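The Zn(2+) binding site annotation in Swiss-Prot covers Cys343, His394, His526 and is backed by sequence analysis. Annotation comment: Swiss-Prot describes 1-64 as domain 'TGS'. Taken from Swiss-Prot, the feature region 'Catalytic' applies to 246-549.
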Amino acid sequence: MSCSVSLSFPDGSKRDYPNEMTGLELAASISKSLAKKAVAYSLNGITRDLSDPLGQSGQIEIITREDPRALELIRHDCAHVLAEAVQELFPETQVTIGPVIENGFYYDFARQQPFTLNDLTIIEKKMHEIIQRNKPFRKEIWSRKKAREIFSEKNELYKVELIDSIPDNQDLKIYYQGDWFDLCRGPHMQSTGQIGNAFKLMKVAGAYWRGDAHNPMLTRIYGTAFANENDLKAYLHMLEEAEKRDHRRLGREMDLFHFQEDGPGMIFWHQKGWKMFQNLISYMRRRLDDHQYSEVNAPQVLDKSLWELSGHWGWYKENMFKAIPAIEDWDDKCIYALKPMNCPGHVQIFKHSLKSYRDLPVRLAEFGVVHRYEPSGALHGLMRVRSFTQDDAHIFCTDEQLADECLNINDLILSTYADFGFKEISLKLSTRPEKRVGSDSLWDHAENIMESVLKTIETKFAGQIKTSILPGEGAFYGPKFEYTLKDAIGREWQCGTTQVDFNLPERFDAFYIDKDSEKRQPVMIHRAIFGSMERFLGILIENFAGHMPLWLAPEQVVVAAITSEANEYAKKITARLKAVGLSAKSDLRNEKINYKIREHSLQKVPVILVCGKREAETNSVSMRRLGSTDQVFLSIEETIEQLKNEAMSPDLRRSING
C-alpha cells in the first residue's frame, strides 16, 4: 500500500499525494501547461529534479523558466552543454568541473593545446546545435566501482580523482544528456532545449586544478546565460559600460596610482590618487567625530602569541604574512605577523584601563592598514589587494546598549552612502551558522535584538532600503548586518558591516565593572562603512566614470591661459581660488588652448577656467565643465562663490545649514 505525503502550496492550500509521485507528475496533475513550462520543483526550500519522487511532506513550489531560481539551472545546464560541445569538437579533451558562479558559469578543461578566443565561436555554435537537439536530462545512480571503471576507460582522470574524494556514504549521481554524461550533484531541467539561446561564451583563462599552484594548469572557459535575449543584451551592455569605467584604466589616465610586479597587490599611490584617498579619510574623520568615536592606532606587527590567543593563527594563518627579522641566528620560535585585522589591537586598547559601566559605550575607530595574502590570480586593481586600509571601528557596550548602537551605526552608514550619491541600498541580517561559539540562549537574545533593529530600520527608512534575513550565514562568533549598494550601472557592492562578537571579549578576558561592582563581559561590535577604503575608492571611480564630484576631486580647477599675455591674470585667479580652500593650478604652457582643454579633460579635471586678454580686462573667466562643450562667462567673484560652495563636502554643508 502506497504512503502519502501532505504538501502545502504557495497559495496556502494543502493536499495529499502519493509518496512515489514525481514532481513532473504533480505538475501535470495541476495542468498540462504547467508541466510543459516546469523546469524543476522546490520541496522545503531544496530544488529538485522533476523526475525525483516527492518522498516527504512539506512546502512545495513548481519552478518554471520564468522563476528567478531557474536562472541557476539554466546556467548549470549550459555548463554541461559547453563540456559536451568541447568533447564533440576536441575529443582528446578531459573534463574536470563546471560550476555556476555569479553572473554565469565556467568549465575547466585539460588538454595539451589551450583554447583560444577563436575557438569560442566554434564551441558556441556547437552548443546551439546541442540545445536544438532537445535531449532529455536523465539521472542514474552509480556505484563507486562502476563510476571509476567507466571514467577510467574514458581517460577522464580528473573525474576519477573527484570520485575518490566523494565520501563513501554519498551517492554518485550521473546525468545524461543524450549519450553524453557527467558526474554531477544536480539538479537539472527536463531537457537541453529548455536552456534557450540567451547565452554567450565570454573568455578563456588559465586555472590550476583545484586552485593549487602545484597542480596542472587547466584551461577555463567562462560563459554567461540568461532566461531571455533582453536580459543577456542588458548584461553585455553593462559589461561594455563597466569596461569604459574600469578604475584601472581611469587610474592610469587620471594619474592616480600604479602597480608593479615586485609589489603584487600593493598600491603605489601618486599625488592625485593619494589626495583623493585623504579626502575620504578627512570626510570619515569628521563623521566619526560627530558620532563620538575615539580614533586610535594599533601596531602593524604583533607577536604570534597574540594571534594565537585571538584565534587568527588557528583559522586564518594561511592568509597572514609572517614578519621575521633578517638576522641569521634569530630564534624561529619568536615569530611576528603583520596584522590581517584590527580587532585584537582594539581589545588591547580597551583593556588597558579599567572601565566602568558609566564609560560605555566605548567607540574605538582606526584607519588601520592590514595585510592579507591573496593568490596572484585573485588580485584586481584596487578591488582586491594584499595591503589595504579599513575604516574599522569596534564598539564596546552593555547588552542594553546593543540595539541603540546598531541603530546609530545604521544611521551613520546610510547617511554616508547618501553623501556619495548611492541611493539603492540593501541590508541583510545573517543569523547563526551550524558551527558557532556561544550558547543558544546567547544567540537567541542577540538575534532577537538584531531582528528588532531590522524592523525599526524598515519602518524608519521605508522605501529607502531593502531588507532581508539570511538564515545560517552569520559568522561563527555572532550575527551580522551586511550593507550592499548599487552603482550607476546596476552592479551591487557589499561594503558596510555591523558584526556582533561573542568570541574576542571572552578570549581576551575583556571586562567592565557594572553598577553592582561586578565584572561583566562587554558586547563587542565590529563596524565598517567603506570596508576596504581602497576598494571603496575604486567603486567611486567606476560609479562616477572618473567624473568625481568637486568635493572629492584631487585637482578641482585648472586655470588655463590662452596666451602668455594672460599668464599673470591666470596666476592671480589661481591664488584667489587657493585662498578659499580650492585645489587649483595654472596652466601657462605655450600650447594651444584646445590642447590644454583636451589634456585636462582626459585627466578628468572637473572645472577648467579659460582666460585671455578679454577676460583679464573684464575681471572674468570662461568656465568649462567636464563632459560639456558649453562655456559660461562669469565674473571672478561669481566663479569663486559658486565653486567654493560646490567644493564643500555634504557633511560640512549640513553642519552649516543646520
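Cβ from N, Cα, C; glycine included.
These figures come from a predicted structure and were not determined experimentally.
All features noted in Swiss-Prot, drawn onto the structure.
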residue : record              : Cβ within 10 Å
Cys343  : Zn(2+) binding site : 24
His394  : Zn(2+) binding site : 26
His526  : Zn(2+) binding site : 23
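Cys343 (Zn(2+) binding site) falls within a helical segment according to DSSP. Averaged over the region 'Catalytic' (246-549), the predicted model has a pLDDT of 93. Apart from Cys343, His394, His526, the Zn(2+) site neighbourhood in this chain, defined by C-beta within 8 angstroms of the site C-beta centre, holds Met341, Asn342, His346, Val347, Asp392, Ala393, Gln499, Asp501, Leu504, Met524, Ile525, Arg527.
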